[in-house]
Amino acid sequence: MATVKAVMGNLTVAERQVLTAVNSGASSLSFVGSGFIVLCYLLFKELRKFSFKLVFYLALSDMCCSFFSIIGDPSKGFFCYAQGYTTHFFCLASFLWTTTIAFTLHRTVVRHKTDVEDLEPMFHLYVWGTSGVMTVIRSIANNHEHLSRLGTWCWAQTGHTGKVVHFITFYAPLWGAILFNGVTYFQVIRMLNNATRMAVGMSERSYQPDPRSDMKALNRWGYYPLILIGSWFFGTINRIHDVIEPGHKIFWLSVLDVGMAQLMGLFNSIAYGLNSSVRRAIYERLDLLPEWSQRWLPKNSRSRGQQQDSELVSLKIQDQQ
């Protein structure tokens, strides 16, 4: 096993402790955020539609990724390997689930297909199968004599071959997913913008969409690809720097790398999970509380929850009209 000095480069003990705290704090926030979405799906039957089922699988992957990031013990060989490979598997699954959400939206809105629910078994095979294959390839190709225990996580490699394998099995699928999501959402947004302009121009049409609601949904979709970019941009730069200058760590870059990557679950839970359907389901349950406790709640919470609908569902209906 590589020595701590060789693994950590020029980072001091205090800096490693900061990285450990950042990892634990960010992972805990993601675990709570993802767990909240999972809990909402299990408790609220009205959320168990196909579009939100994909969000549930995304949140479940994020929750597992955050959980193993927290409990992994780099001081013990078995737990170090367990943390490294389980984190690799579930982080891969997380951003692969985002591609299924983008694909579903594109197939429904742009291609006008209604068979997306029949593709669920293929989605599972694609996500879990790809994640499993990439993790196995990394496991076989890794040189376990050079497994890096970076103070709080165990998935980096100090050997040149291990670093190359890490890029191929993790960062290549990651940026492939980012590219796919970006192109897909661009096509969906362009399609809906054109449809909205045509609808507004047809004065005899009885149904007029709310442009503010449409633009809010479109703007929200535009942020989805940015979540993966923001979460893993610093990690990618850090890995490239590590290849160019092995053993020389940049502390502030490592902090951004760890913090942003471990916050991915929280970002996903807010962007994908906290849509209007979830908020409405929560508001409806809050109405069941005693009258005295409702005085502490916003007065317009119920009306807002009733007026809004899930972005995916509402736009699918609008597209079919």
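From the backbone N, Cα and C atoms, a Cβ is placed for every residue, glycine too.
Whatever TrEMBL says is automated annotation, not expert-curated.
Values in this document were obtained by computation on a predicted structure and should not be read as measured data.
Taken verbatim from TrEMBL:
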type	residues	note
COMPBIAS	303-321	compositional bias 'Polar residues'
DOMAIN	19-276	domain 'G-protein coupled receptors family 2 profile 2'
REGION	300-321	region 'Disordered'
TRANSMEM	20-42	transmembrane segment
TRANSMEM	54-72	transmembrane segment
TRANSMEM	84-105	transmembrane segment
TRANSMEM	125-144	transmembrane segment
TRANSMEM	164-188	transmembrane segment
TRANSMEM	221-238	transmembrane segment
TRANSMEM	250-274	transmembrane segment
The transmembrane segment (250-274) versus listed stretches 20-42, 84-105, 164-188, 221-238: most Cβ pairs under 8 Å: 20-42
Criterion met for the transmembrane segment (164-188) and the transmembrane segment (54-72) (at least three Cβ pairs under 8 Å): no
Contact call for the transmembrane segment (84-105) and the transmembrane segment (221-238): at least 3 Cβ pairs under 8 Å, seq gap 6+: yes
Integer average pLDDT (0 to 100) for the domain 'G-protein coupled receptors family 2 profile 2' (19-276): 82
